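Trainee: Take this structure, written in structure tokens, and hold onto it; I'll ask about it next.
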Amino acid sequence: MQCVQALPLWCDNSSVINHHMFKGYKGGNKRRRSNEFLAGYDFLDTNKRRLHVYVWYNSSFSRDNGHHSMTVLRVARLVNMASAAYLNHFRGQNVEMRLEYLKEMPKAAVPMRLDLTTLLDALFFTWTVQLLLPVMLTYLVYDKERRLRLMMKMHGLKDAPYWLISYAYFLSLSTAYMMFFMISGSVIGLDIFRLNSYSIQSLFYFICINLQIVLAFLLSSFFSSVRIATVIGYIYVFGSSLLGEALLKIFIEDATFPRMWLVAIELIPGFSLYRGIYELSEYAAAGRNMGKPGMRWADLNDPVNGMKDVMILMSIEGIILLLVAFLLGHRPAWQPLFVFGFLSTNHSSPSEKPNKLKRGSRRVHVDMTKPDVFLERKVVKRLLKDMDMSNLIICHNLKKVYPGKNGNPDKHAVRGLSLALRKGQCFGMLGPNGAGKTSFINMMIGLVKPTYGTAYIHGMDLRTDMKEIYANIGVCPQHDLLWETLTGREHLMFYGRMKNLTGAALTQAVEQSLKNVNLFHSGFGDKSVSKYSGGMKRRLSVAIALIGNPKVVYMDEPSTGLDSRSRNDLWRIIKQAKKDCTIFLTTHSMEEAEELCDRIGIFINGNFHCIGTPKELKARYGGTRILTITTSPEHEEAVEQLVSWLSPRYTRIYSVLGTQKFALPQQEVGLGCVFGAVEAARRAFPVLGWGVADATLEEVFVRVAKEACAFDVLS
């Protein structure tokens with residue numbers, strides 16, 4: 001063997017030679033070190049008259065597949081080395097047989113087979129697997145941006161069922177997508193699918209799609225815009241794959257790169273997916289070149305095979321990220337991270353200061369209570385004492401306090417509200433922005449819990465029976481929270497199921513609801529909401545609130561943005577609906593309140609300041625006649641003298657370019673006196689126009705609001 005021009009290693013027998021040949025390649029080269037043996041020689045009984053030699057070489061790549069021919073193994077060169085060594089040893093140093101060149105034996109043409117697995121590499125497959133991530137992220141952020149998630153909460157769909165339903169839908173979609181991906185790849189003959197174990201692939205892709213779904217839930221917590229979420233989603237998909245191809249692949253193939261650092265990098269889901277597909281691709285390529293299967297379960301124990309580590313890492317990461325996503329999804333909107341609310345020490349909880357809160361509330365009740373509000377509180381106490389639940393809504397001393405932060409005082413949104421409403425009533429709550437109306441409604445529909453007090457709806461306690469209450473209430477928000485791609489019928493079917501309607505009862509309820517809001521005829525109920533006008537969308541929102549015959553319906557400014565005809569149609573629907581339920585209405589339109597409401601409460605700074613019918617409130621807080629006269633500007637002083645003659649206690653509301661508006665005490669000035677005074681004025685100077693009216697509900701609201709503000713300043 002000394003005569004062969006190579007580094008020699010003596011072997012006792014052919015088995016030892018086979019062992020050394022295997023050590024340098026694939027399974028024998030566990031650490032991927034460059035220590036492969038080129039060939040092994042056994043010269044047997046070679047002598048001066050005879051050359052008898054066995055040559056060992058790696059024949060793993062002997063498969064002719066259209067890419068690699070047998071000549072690449074250079075077997076002829078190995079034989080030539082043995083021949084040259086024989087001549088050199090027995091014939092002298094100057095005798096040798098030189099190999100001039102290699103040439104294949106002529107053979108029949110073999111069509112070249114394009115291997116897409118090699119062409120596309122792991123990069124393309126990583127892109128393909130992750131393409132559903134932006135789709136799922138967009139789905140979740142769309143519900144948040146359009147406030148559809150809030151709408152579902154108002155109708156009783158809790159977070160856990162929503163997450164479970166969405167997760168199941170995403171899992172079904174992703175499973176179908178990956179099955180189609182694997183079957184299609186196998187049919188067209190891609191080795192990455194055809195050669196590797198299908199059970200390993202199925203498990204790996206199942207773990208991948210679950211982690212991808214969890215990642216979509218996690219990312220959705222940070223976005224409120226569909227456009228931004230979609231862009232960031234696709235940047236992540238393509239960016240993580242490109243970085244995997246450019247950097248991670250180098251680290252994987254570098255035997256000196258620390259294993260722990262590689263695991264840390266693979267904590268990014270896109271990189272762990274790339275690593276798994278890279279391993280499948282490498283085993284498929286090796287199997288193709290050797291004419292053997294690709295990755296099998298036994299191969300998972302290979303030290304250089306990262307598939308097992310990747311699947312374990314992705315499984316653990318999926319569970320942890322799911323918990324993080326759930327906690328992030330339940331943090332208050334004002335907190336950057338949910339943990340801040342628990343770690344902050346600069347705010348106080350209302351439960352920690354009950355005595356202070358009660359003292360402040362008692363002062364407010366004594367000072368601010370009006371006779372009608374006090375009477376309402378007595379009625380509530382009597383009903384609770386007698387256990388009379390015939391009133392569908394009984395609110396008893398409801399309070400909502402939001403704890404202050406960073407040393408700021410607590411925010412008292414609702415201060416001891418008491419109210420009793422019967423079936424067939426429409427109660428209107430009037431109040432300025434920030435008065436606490438939204439906080440009160442949020443308590444009544446279960447979005448937030450009361451700090452103190454409770455409410456009973458049809459005998460069910462707001463604190464303990466919210467699940468049963470959801471089946472008996474309907475909610476119409478201020479803005480139409482609808483899916484643009486669904487039809488009106490599909491909306492009603494969805495919310496009808498939330499009211500425990502099924503089968504024929506659900507179908508009948510949907511048909512009747514469409515008829516009640518004039519969306520049944522001409523096929524409007526089967527058209528997508530994107531084709532609806534503003535009035536049609538508003539009527540659909542009202543139909544959603546009324547489906548299932550709820551006992552109580554909450555409506556927040558139901559006629560917002562409607563023209564007069566659509567508004568009148570909507571009012572007709574509400575009047576018809578209140579015969580069978582109690583309607584709680586908030587509005588800024590005094591005309592709407594006067595038209596629809598049997599009773600009205602003016603709510604300011606967390607308290608009712610008056611409760612009564614529209615006529616009672618106008619009689620109690622109005623007490624004035626409003627006289628409007630339009631003349632030329634030079635006669636304004638004469639008009640004012642005329643009004644002062646009617647009543648010295650008049651009040652001029654405004655004066656603009658000859659048009660003046662006066663408030664006169666109703667008890668002092670009769671309509672006859674007003675008519676007589678105007679006729680006298682016409683004889684003295686030209687009167688371009690005039691009018692007289694009693695105080696409106698709007699003027700009542702303004703007066704009560706001013707009194708409340710004045711009290712707040714004094715207190």
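Here the Cβ of each residue, glycine as well, is placed from N, Cα and C on the backbone.
TrEMBL feature annotations, pasted as is:
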TRANSMEM  122-142  transmembrane segment
TRANSMEM  162-183  transmembrane segment
TRANSMEM  203-224  transmembrane segment
TRANSMEM  231-252  transmembrane segment
TRANSMEM  310-328  transmembrane segment
DOMAIN    393-630  domain 'ABC transporter'
Trainee: If you count Cβ pairs under 8 Å, which stretch among 122-142, 162-183, 203-224, 231-252 touches the transmembrane segment (310-328) the most?
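Mentor: Answer, by Cβ pair count: 203-224.
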Trainee: Same chain only, please: residues at least 6 beyond the ends of the transmembrane segment (203-224) with a C-beta under 8 Å from a C-beta of the stretch. Say none if there are none.
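Mentor: For the transmembrane segment (203-224), the far contacts come to 129-130, 132-133, 136-137, 139-141, 144-145, 163, 166-167, 170-171, 174-175, 178, 182, 232-233, 269, 272-273, 276, 280, 307, 310-311, 314-315, 317-318, 321-322, 324-326, 328-329.
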Trainee: Report, as numbers and ranges, every residue of the chain located at least six residues beyond the transmembrane segment (231-252) whose Cβ falls under 8 Å of a Cβ in that stretch; write 'none' if there are none.
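Mentor: 121-123, 126-127, 130-131, 133-134, 137-138, 219, 223, 261-262, 265-266, 268-271, 274-275, 278, 306.
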Trainee: Just to confirm my parser: what is the rounded mean pLDDT across the domain 'ABC transporter' (393-630)?
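Mentor: Looking only at the domain 'ABC transporter' (393-630), pLDDT averages out to 88.
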